[in-house]
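Below is one structure; the comments refer to it alone.
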Amino acid sequence: MRSRHFKLTLQQLEEKEEVELGNAEAMRLAKDDQQSAEPRETWGRRLEFVLASIGYAVGLGNVWRFPYLCYRSGGGAFLIPYLIMLFLCGIPLLFMEFTVGQYTRLGPVHSLAKICPLFKGVGLATVVISYVLCTYYNVLMTWALYYLLHSFSPSLPWQSCNNTWNAVGNCSTGFPGNATHLKSASQQFFDHKVLEMTTGIEHAGGIRWELFGLLVLAWAIVYFCIFKGVKSTGKVVYFTATFPYFILFALLINNVQLPGAKDGILFFLMPNWSKLLEVQVWVNAAAQIFNSIGISFGSMISMASYNKFNNNILRDTYIVSLANSATSIVAGFVIFSAIGYMAHIHNLPVDDIATDGPGLVFVVYPEVFSTMPVSQLWAPLFFIMLLCLGLDSQFAMVEVAVTFIVDGFGKKVLGVFKRKELIVLAVCSVGFLLGIPHITSGGIYVFQLMDHYTAVVSLMFLAFFEVLAVTLIFGEFHFLHVMLEKMLGKKPNLFFRVCWQFLSPMLVLVILISSIVQYTPARYGKFYTYPLWAEVVGWFISLVSIIWIPLGALHELWTTEGSLLQSITPTVDLEFVSEKPSGESIALFAAA
């Protein structure tokens with residue numbers, strides 16, 4: 001009997017020892033995981049985050065898209081729907097994205113997955129659309145580098161018709177006006193020298209090797225500016241985000257003194273009140289706000305995720321959004337004062353010179369410089385300004401992809417690449433390879449197709465589902481105001497709560513429906529229409545980002561046990577930190 005009792009006691013002691021050893025091992029592994037979870041990077045100073053956000057928001061679209069939309073959509077009257085959309089959609093939704101990024105300290109994929117698991121695909125879609133956009137956006141930087149190098153020539157090469165690339169029979173040293181058989185020398189330089197453009201997308205032609213080398217250089221600049229993360233980006237933006245303003249105001253002071261500038265400015269701002277009755281004008285205003293500020297591209301969520309937990313994002317939201325819109329308006333004065341000057345020089349109506357897209361930057365403005373005093377000074381400064389405007393936006397779009405990889409697969413990827421710098425190199429290298437089709441002789445057609453189906457078609461779908469997930473399903477009252485109260489110590493005011501709950505979702509839905517109803521296929525210039533197969537490719541490009549929304553929902557429904565209600569229940573822990581969280585608690589939440 002005593003022997004049996006001894007055996008039972010020994011067995012109990014062994015079991016207890018195994019449990020204690022197991023607990024000790026589990027605690028050791030948990031401690032190791034806690035130590036291995038590196039604290040998330042943060043911006044060196046709040047000013048760096050603000051400058052990086054302004055730099056991303058203020059891009060080439062402010063220089064060409066806004067002035068053209070303004071003058072085509074009612075001139076000064078367009079400012080009314082533009083400002084309404086800014087205050088009802090732009091500012092509230094930017095504040096929403098900053099809130100989500102700063103509170104969760106995660107990129108768009110993982111933060112949106114925690115907020116609304118059913119729509120976790122929205123976060124991945126924003127990463128995809130940003131990365132697709134950056135693959136061809138850097139082509140603009142390539143063209144700007146090409147013009148910058150040629151602007152140091154003894155005479156600007158786009159100002160005469162006596163060059164080997166000119167078709168002398170239909171070349172004009174000014175703007176041809178209604179003479180459709182003529183092209184300006186500046187247009188021929190862009191078409192025949194820079195692009196060596198073919199007649200359509202079906203004729204791809206060979207690679208432009210000069211542009212190939214400059215594309216390598218453009219991606220190298222991007223890499224060396226961001227390879228150390230926000231620590232290096234934060235230092236670069238002190239120059240890239242501020243220098244364009246010096247050039248922009250210098251050009252403004254110079255241009256308004258030119259003869260004919262007044263006519264161009266009046267043409268830009270002349271109100272056409274009847275345009276306010278057209279739905280498309282309101283759609284254009286909203287689309288410009290979304291494109292310019294960067295709503296639904298994931299970049300603002302990603303950059304805010306590197307903020308300190310209690311950073312005042314409300315103040316930053318006002319600074320970024322208002323600086324962006326003010327820059328657009330100033331750029332409009334700069335561009336149209338120059339166009340008015342060109343119309344005066346060539347004795348043409350302003351309407352014959354104003355144009356949309358890359359042509360405004362790479363055709364009209366180079367032509368302006370060829371007739372301005374001290375053209376050898378203004379031309380290089382202008383193209384340096386374009387590089388700064390484009391690079392800031394490029395930094396943010398590439399950083400979205402890097403943040404996604406590090407947040408989701410950090411340990412596995414670092415096990416292969418060893419260092420984060422090599423991950424950034426891989427992301428930039430793939431982006432470079434995907435940009436090569438744009439620098440063939442038919443590349444401009446590929447560029448226009450990509451831009452139409454990425455920045456126009458896809459964006460509205462993503463914006464709608466992001467707003468749906470965050471403001472309606474996640475809940476503005478129950479969650480967003482709790483986040484803000486923990487970070488800022490106060491709840492959002494009535495204006496933001498009404499916008500998040502009612503106005504912003506309603507307006508985004510109206511914009512989406514209007515975009516579908518009034519859909520028009522992509523075009524290049526006034527006459528070239530894409531073949532059917534190219535339209536199919538365009539829709540495929542659009543679906544590359546959109547498809548992740550239904551796929552993410554199906555995956556969540558398939559893998560989640562329980563009801564549909566459980567699949568839309570947020571997994572964000574609103575009690576995971578105190579009012580002043582430690583770096584350790586935030587790092588543990590981000591690793592969860």
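Using the three backbone atoms N, Cα and C, a Cβ is placed for every residue, glycine included.
Looking at C134, C161, the record from TrEMBL puts C171 in a disulfide bond with C161. Summary for the recorded positions V58, C161, C171: the Cβ-based neighbour count within 10 Å is maximal at V58. Remark: L389 (Na(+) binding site) has V58, G59, L60, N62, V63, P244 as non-local neighbours, by Cβ distance under 8 Å and separation of at least 6 in sequence.
Note: the stretches the transmembrane segment (49-67) and the transmembrane segment (281-306) are in contact (3+ CB pairs below 8 A, sequence gap of 6 or more). A sphere of 10 angstroms centred on the C-beta of S292 (Na(+) binding site) encloses 23 other C-beta atoms. Of the ranges 79-100, 207-226, 318-343, 422-447, the one with the most Cβ pairs under 8 Å to the transmembrane segment (238-261) is 318-343.
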